[in-house]
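Visitor: Dumping what TrEMBL says about this protein:
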TRANSMEM  29-52  transmembrane segment
DOMAIN    30-595  domain 'Major facilitator superfamily (MFS) profile'
TRANSMEM  64-84  transmembrane segment
TRANSMEM  96-117  transmembrane segment
TRANSMEM  207-235  transmembrane segment
TRANSMEM  256-278  transmembrane segment
TRANSMEM  321-341  transmembrane segment
TRANSMEM  348-369  transmembrane segment
DOMAIN    397-452  domain 'Kazal-like'
TRANSMEM  478-504  transmembrane segment
TRANSMEM  516-539  transmembrane segment
TRANSMEM  570-591  transmembrane segment
Amino acid sequence: MDQHQHLNKTAESESSEKKKTRCCDGFKMFLAALSFSYIAKTLGGIIMKISITQIERRFEIPSSLAGLIDGSFEIGNLLVIVFVSYFGSKLHRPKLIGIGCFLMGTGSILTALPHFFMGYYRYSKETHINPSENSTSSLSTCLMNQTLLLNRTPSEIVEKDCVKESGSHMWMYVFMGNMLRGMGETPIVPLGISYIDDFAKEGHSSLYVGILNAVAMIGPVIGFTLGSLFAKMYVDIGFVDLSTIRITPKDSRWIGAWWLGFLVSGLFSITSSIPFFFLPQNPTKPQKRKVSLSLHVMKTNDETNQTTNLTNQGKNVTKNVTRIITIPMAAVGMFSAGYIIKKFKLPLVGIAKFSCLTSMITLLFHTLYFPLICDSKSVAGLTLTYDGNNSVASHVDVPLSYCNSECDCDDGQWEPVCGSNGITYLSPCLAGCKSSSGNQKPTVFYNCSCVEVTGLQSRNYSAHLGECPRDDACTRKFYIYVALQVIYALFSASQITLSVLLIVKIVQPELKALAMGFHSMVIRALGGILAPIYFGALIDRTCMKWSINSCGSRGACRIYNSTFFGRVYLGLYLALRAPALVLYIVFIFLINKTFQEKDTKALDNESKLMDGANLEFLSNSEHFVPSAGADGKTCNLHVKDNAVAS
């Protein structure tokens, strides 16, 4: 009998061990799959952020519309977040996450599809690229301008291209693709975190969440690397003869292979969805149902930075060297905030003060950016007269000079050249250039009469294709900016942890999930959707030269007034952050007052309880009898009845 019971216990033990092993393996598989989905979602988000400028140029749209396209991700997220939050935990969570990853990848691929249906990119109105011919763009020099007018692309071709080119509404496919990506990304975080919270070992869920957030940082690193690589590739690579392309990535008309990034991220997302369809709904029945409080609607650090950075339509490829540097500091900031709170056991008031301090520091760093704004470039016809001798009060309708008035130039053309005098001209014709090196690279223009006027100390009156670079002073400011940005990222990222902790600690336990959901909804609605639109609208007001698309309407901005741009962006940011800082101070005052009142009431109640206990104790005792020791002194008390006698 004993042997039989022993065998049963052994079998039960082996069955339990197998069950635990099976559960452990299933959970580890889910954790690995979720890690890849985290990488996929951050990769897709970063690809969109670094491609938005390329998309703006390719589809010839203003910054405000580009901001709306970028905000479509938040629109898609808001459309399904209520459904996912309420019904998601009741359904097969791994499969829902898999469906989400598949939709996310499909959205990224849909974003790239317009490239294959649009006409070939023409960076100049006079350029018509035919992949079957070795055609080249005409050189709009002063002496050749009349010939150029006769050799322009036929009007019937222009009208045909107007439907397929940048003036069309094909940007709507990018809008819908990004919105679909937002829908697909919605279930990954809430359902993934709740699954971990339900089936992880007690006390291990926070570790797994930390691992996921750390692994997710791989996505931005890959995204910035691929984005920088694809930005240097011509948009129509593989479809046109690259030897006929005369512009370089430094030219404001350059458009990189933006669509490649979306194809890569889309395929990666679809691949990451496959394992979820083979995972069980429940690796084992959880001992108790736990509620995930914090991360089901919380934005990750890269998403928050994206919402902030998407408002700054960067216009500069170097912002990718910057972000790669700031990502590790952001991770350190998030970790440091949590460690400080745990180390010093900060109460709610302490967390609020810590958050207010970091907010003040980030606000201070933004004020330090104002002296780092570079001056606008010297551009003849926009900031200077065409002879380069005098500045102009406005960039609108700058009159021609005697150095190019005989050339019959098209002042709407944008084919910038850099003169040997360091001044950028809108086109070789407007620079008064008489000849060029043809199709040789780099393209150089000679005998430029407007350059000659300002180049008295030199007999080299030439210009080369492309804008003039910034001066050394601006480069030094950029390095200072990068150093400040690294420190800024440290404090800015710490606010993410602090804000979440404030939300979950300030409300009642049963309202924590609702508070987080409301916070996320407000952030996405007011920040993720509206901010890119009104930031973009203000940025459009700083444009000095707009492109004209093939349909004859206004397209994307070619060059901005960088001084005005910087002041508008930083000024609007400070205008939004300053009231938030005031509300922080009011918040600290209110919770200080609330906790002081609670502490006073608690002390009063404690005093009353002690008095009541003393009265009850005395009522149960008849009297106290002093006890004398061997030395005749009282050493203790003897209490009769309920007291303990020695």
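Keep in mind that glycine also has a Cβ here, set from the backbone N, Cα and C atoms.
Describe the structural surroundings of these features, if you would.
Guide: Residues 45, 48-49, 52-53, 55-56, 96, 107, 171, 174-176, 178-187, 190-191, 297, 310-311, 313, 517, 520-521, 524-525, 528-537, 539-540 of the same chain lie 6 or more positions beyond the ends of the transmembrane segment (64-84) yet place their CB under 8 Å from a CB of it.
Taking Cβ pairs closer than 8 Å, the transmembrane segment (207-235) reaches residues 31, 34-35, 38-47, 50-51, 54, 58, 115, 121, 192-193, 196, 200, 242, 245, 249, 254-261, 264-265, 295, 300-302, 317, 320, 323-324, 327-328, 331, 334-335 in its own chain, all 6 or more past its ends.
Only residues 6 or more beyond the boundaries of the transmembrane segment (321-341), in the same chain, are considered here, and those with a CB under 8 A from a CB of the stretch are 210, 213-214, 217, 220-221, 224-225, 301-302, 305, 309, 350-351, 354, 358, 482, 485-498, 501.
Sequence-remote contacts of a segment are chain residues at least 6 beyond its ends whose Cβ falls under 8 Å from one of its Cβ atoms, and for the transmembrane segment (348-369) they are 337, 340-341, 481, 484, 487-488, 491-492, 494-495, 498-499, 501-502, 505-506, 566, 570, 573-574, 577-578, 580-581, 584-585, 587-588, 591-592, 595.
Mean pLDDT for the domain 'Kazal-like' (397-452) in the predicted structure: 85.
Cβ atoms under 8 Å from those of the transmembrane segment (570-591) belong to residues 311, 348-349, 352-353, 355-356, 359-360, 362-363, 366-367, 369-370, 373, 506, 535, 538 of the same chain, restricted to positions at least 6 beyond its ends.
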Visitor: Pairs 6 or more apart in sequence, C-beta under 8 angstroms, 3 or more of them: is that satisfied by the transmembrane segment (29-52) and the transmembrane segment (516-539)?
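Guide: Result for the transmembrane segment (29-52) with the transmembrane segment (516-539) is no.
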